[in-house]
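Let me begin by presenting the structure, written as structure tokens, before commenting on it.
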Amino acid sequence: MSLRSLFVAGLATLALAAPAPQIQARQGMSSNELESGPCRDVTFIFARGSTEQGNMGFIVGPGVCSSLKNDLGSDKVACQGVGGAYTAQLAPNFLSQNTDQASIDAATDMFDLANTKCPNTKIVAGGYSQGSAVIDNAIQALDSDLKAKVKGVVLFGFTRNVVDKGQIPGYPKDQTKIYCALGDLVCDNTLIITAAHLSYGADADDAAKFLASKVQG
């Protein structure tokens, strides 16, 4: 069986066994508070993992958004998922950037929108699985002024963890927190999916506290 087949089979099998307690959560959710809502003090941009539905997914994105609002105030945070050309398909995981350029561009568009629509907002970001590669590559592509407005980033099941040496190249390491669960082989530069890769919902509160500390500092 090829590595690609293992990746697809692993996702299919483990998705059925994922510990998501609610059917609604399994279906994923979307948040477009930057695109459709008023400017808020903090904007959280998130890219979901492969095959997750909605633009926030269900494994960890909605949890970080909810916890961040609890920490900072629901009227202070706008949550925005990366959608559009980023359709979270499986195949782009096998490309050199662990995603495709169209998906990276979809994320950079969200950073650009936050900057132009809400110039005073503090930007934080996160990504899970393929979404971690989307955010990683997007932040590298930002110009220096916009990159400086990104106050903190959290990455879960970081597919480029080995390649990028546990950081986002060109972005401050102390503003980045990477979550790689014990037994998550994706963090070891493989695309083999284990149960550990679906465990990051448990880290949502901690990730939100990290991001909150960066915008409050």
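Just so you know, glycine gets a Cβ as well, placed from its N, Cα and C.
The feature active site, nucleophile is assigned by Swiss-Prot to Ser129, with sequence analysis given as support. Taken from Swiss-Prot, the feature active site covers Asp184. Per Swiss-Prot, the feature active site, proton donor/acceptor maps to His197. If you look up Swiss-Prot, you'll see Cys39-Cys118, Cys65-Cys79, Cys180-Cys187 marked as disulfide bond. The signal peptide feature in Swiss-Prot is assigned to 1-17. Residues annotated as site 'Transition state stabilizer' in Swiss-Prot, with similarity to another entry given as evidence: Ser50, Gln130.
For the recorded positions given as Ser50, Ser129, Gln130, the lowest number of other CB atoms within 10 Å of the residue's CB is seen at Ser50. When Cα-Cα distances from Cys79 (disulfide bond) are compared across the recorded positions Cys118, Asp184, Cys187, the shortest belongs to Cys118. Of all the recorded positions given, namely Cys65, Cys118, Gln130, His197, those whose Cα is no farther than the 10 Å limit from the Cα of the residue listed as 'active site' are His197. For Cys65 (disulfide bond), the nearest neighbour among the listed recorded positions (Cys39, Ser50, Cys118, Cys180, Cys187), judged by C-alpha distance, is Cys39. Looking only at the recorded positions Cys118, Gln130, Cys180, Cys187, His197, the one with its C-alpha closest to Ser50 (site 'Transition state stabilizer') is Gln130.
If you take the CA of the residue listed as 'active site, nucleophile' and look 10 A around it, the recorded positions you hit from Cys39, Cys118, Cys187, His197 are Cys187, His197. Candidate recorded positions: Gln130, Cys180, His197. Nearest to Cys118 (disulfide bond) by Cα distance: Gln130. When secondary structure is read from DSSP and collapsed to three states, Cys39 (disulfide bond) falls in the coil class.
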